[in-house]
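S.K.: Have a look at this one before I ask anything.
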Amino acid sequence: MQRYISLSVSLSLLSGANALVRPDGVGRLPALGWNTWNAFGCDIDASKVLTAAEETINLGLKDAGYEYINIDDCWSVKSGRDPNTKRIIPDSAKFPDGISGVASKIHDLGLKVGIYSSAGTETCAGYPASLGYEKIDAESFAEWGIDYLKYDNCGVPTNWTDTYTHCVPDNSNGSKFPNGTCPDISNPAPTAYDWSSSNTAQRYNAMRDALLGVNRTILYSLCEWGQADVNTWGNGTGNSWRTTGDITPDWSRIVEIANENSFLMNYADFWGYPDPDMLEVGNGNLTLEENRAHFALWAAMKSPLIIGTALDSINEEHLAILKNKPLLSFHQDPVIGRPAYPYKWGYNPDWTFDPAHPAEYWSGPSSTLGGTLVLMFNSEDSAKHRTAVWSEIPELKDSAEKGSGYRVTEIWTGEDLGCVKDQYDVELQSHDIAALVVGESC
């Protein structure tokens, strides 16, 4: 039996000891940007990418901190590489001026540009990928002006698969994971196996080394779905690393991923962040409350916040969520790298692994908010009360005696709730989340 992460693990473990530190602070804080995939899949072209870049400015998202405009899969000629140079060839029907032409226009707007490849022979959509061509592709990306690489895990040949299987309790790998364990896993690794020596780690390290060898700083986003215990080596390889299979704009999938990622917060700090996948805010049939909870949890976990909706048709409510100043301020804290941690599970006993009901009570210190970030989440399917008790919150409990009061601000509305004694109770609609800044004592 393998356990995803010890459910009694202390959330005070050191992280970042072997972090990938890049010039100019690139990758020190979790990325903010936009990506083509969730909105358009393979149906991409220069016009859609440039429209997103322009709307990032027009809608105030650039001013809010979003800076990367990322091109996902399907940007190249599908038939193969240039027979002479061995370079990947941008699809001229989609990108008449090449990737470099799009990158130049995005840079002229004061933004950065990202590209996609995979650590295999083909991308997930069947386009040429980078395994064995890491140096050539890194050089191409640098010459084109690329600032960000999302590196997927498709097209892996059999000689590059891992000897052992790591437990990732995600629905893409089955459905039976009692409290975060994988009792049915085939070929588990021996105790104390060093996953940094695995074939998966070697494939991703090869591209890391290629990127480090070019004369351009390129943020490196690993997309290998939590395999090969990436949490133990991802911070020395890339700036973020995916922890699960792909997200979808379905509430059940969003809370499943939130649950999985919540057990990995000890790995998040400056220069390295577990990545629960791109945002679905504005997509599918998610309610306003679900969009709000999705964003708040991702921001509190200091996940990369990569928008995945069409910006030229986004509504004001969804845009306001993506631009929420207090949550973005917490997310981009230049002094405190650690994310918010769950301090009470609420619906379940503490440390319960439940894909439908993640931890409901979160808190985190902040140097930018003038207090502690506190989240209360209703994971249930009907309206429920949730109560934040000051003496239960780790950042407050040493000073929160009976009768203690704190000045509290509600994050979604900006309302000053005044001096709140002992606790704060709120009724939340199904799947909604309350977000507070608990400030000075009063």
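Heads up, the Cβ atoms here are built off N, Cα and C, so glycines get one too.
As annotated by Swiss-Prot, signal peptide applies to 1-19, with the evidence given as sequence analysis. The annotation disulfide bond is assigned in Swiss-Prot to Cys42-Cys74, Cys124-Cys154 on the grounds of similarity to another entry. The feature active site, nucleophile is assigned by Swiss-Prot to Asp152, with similarity to another entry given as support. Residues annotated as N-linked glycosylation site in Swiss-Prot, with sequence analysis given as evidence: Asn159, Asn173, Asn179, Asn215, Asn235, Asn285. The feature substrate binding site is assigned by Swiss-Prot to Glu224, Trp225, Gly226, Gln227, Ala228. The active site, proton donor annotation in Swiss-Prot covers Asp246.
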S.K.: So what sits near the residue listed as 'active site, nucleophile' in its own chain, CB-to-CB under 8 Å and at least six residues off in sequence?
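M.R.: Expected: Asp73, Tyr116, Ser117, Ser118, Ala119, Gly120, Thr123, Cys124, Ala129, Cys223, Glu224.
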S.K.: Where does Asp152 (active site, nucleophile) sit in DSSP terms: helix, strand, or coil?
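M.R.: Reduced to three states, the DSSP call for Asp152 (active site, nucleophile) is strand.
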S.K.: Can you tell me which of the glycosylation sites Asn159, Asn215, Asn235, Asn285 is spatially closest to Trp225 (substrate binding site)? Compare CA atoms only.
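M.R.: Result for Trp225 (substrate binding site): the nearest of the glycosylation sites is Asn235.
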S.K.: Just give me the nearest neighbour of Cys74 (disulfide bond) among the recorded positions Gly226, Gln227, Ala228, Asp246, Cα to Cα.
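M.R.: Ranked by Cα distance from Cys74 (disulfide bond), first place goes to Asp246.
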S.K.: If I take the alpha carbons of Ala228 (substrate binding site) and Asn235 (N-linked glycosylation site), what is the distance between them in whole Å?
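M.R.: Cα-Cα, rounded: 13 Å.
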S.K.: Within the chain of Cys154 (disulfide bond), which residues six or more apart in sequence place their C-beta under 8 angstroms from its C-beta?
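M.R.: When sequence neighbours closer than 6 are ignored, Cys154 (disulfide bond) has Ser118, Gly120, Glu122, Thr123, Cys124, Ala129 within Cβ distance under 8 Å.
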S.K.: Around the substrate site (Glu224, Trp225, Gly226, Gln227, Ala228), what further same-chain residues have their C-beta within 8 angstroms of the site's C-beta centre?
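M.R.: What remains near the Cβ centre is Asn153, His166, Val168, Thr200, Val230, Trp241, Arg242.
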S.K.: Express the distance between the Cα positions of Asn235 (N-linked glycosylation site) and Gly226 (substrate binding site) as a whole number of Å.
M.R.: 13
S.K.: Taking the Cβ of Asn285 (N-linked glycosylation site) as reference, which residues of that chain separated by at least 6 in sequence fall under 8 Å from it?
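M.R.: Looking at Cβ-Cβ distances below 8 Å from Asn285 (N-linked glycosylation site), excluding near sequence neighbours, one finds Pro249.
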S.K.: Return only the integer: C-alpha distance in Å from Asn173 (N-linked glycosylation site) to Gln227 (substrate binding site).
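M.R.: With the alpha carbons as reference points, the distance is 11 Å.
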S.K.: Fewest neighbouring Cβ atoms within 10 Å: which of the recorded positions Asn179, Gln227, Asn235?
M.R.: Asn179
S.K.: Quick one: of the recorded positions Cys42, Asn159, Gln227, which has its CA closest to the CA of Asn179 (N-linked glycosylation site)?
M.R.: Gln227
S.K.: Give me the Cα-Cα distance between Asp246 (active site, proton donor) and Asn159 (N-linked glycosylation site), rounded to a whole Å.
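M.R.: Just about 25 Å between their Cα atoms.
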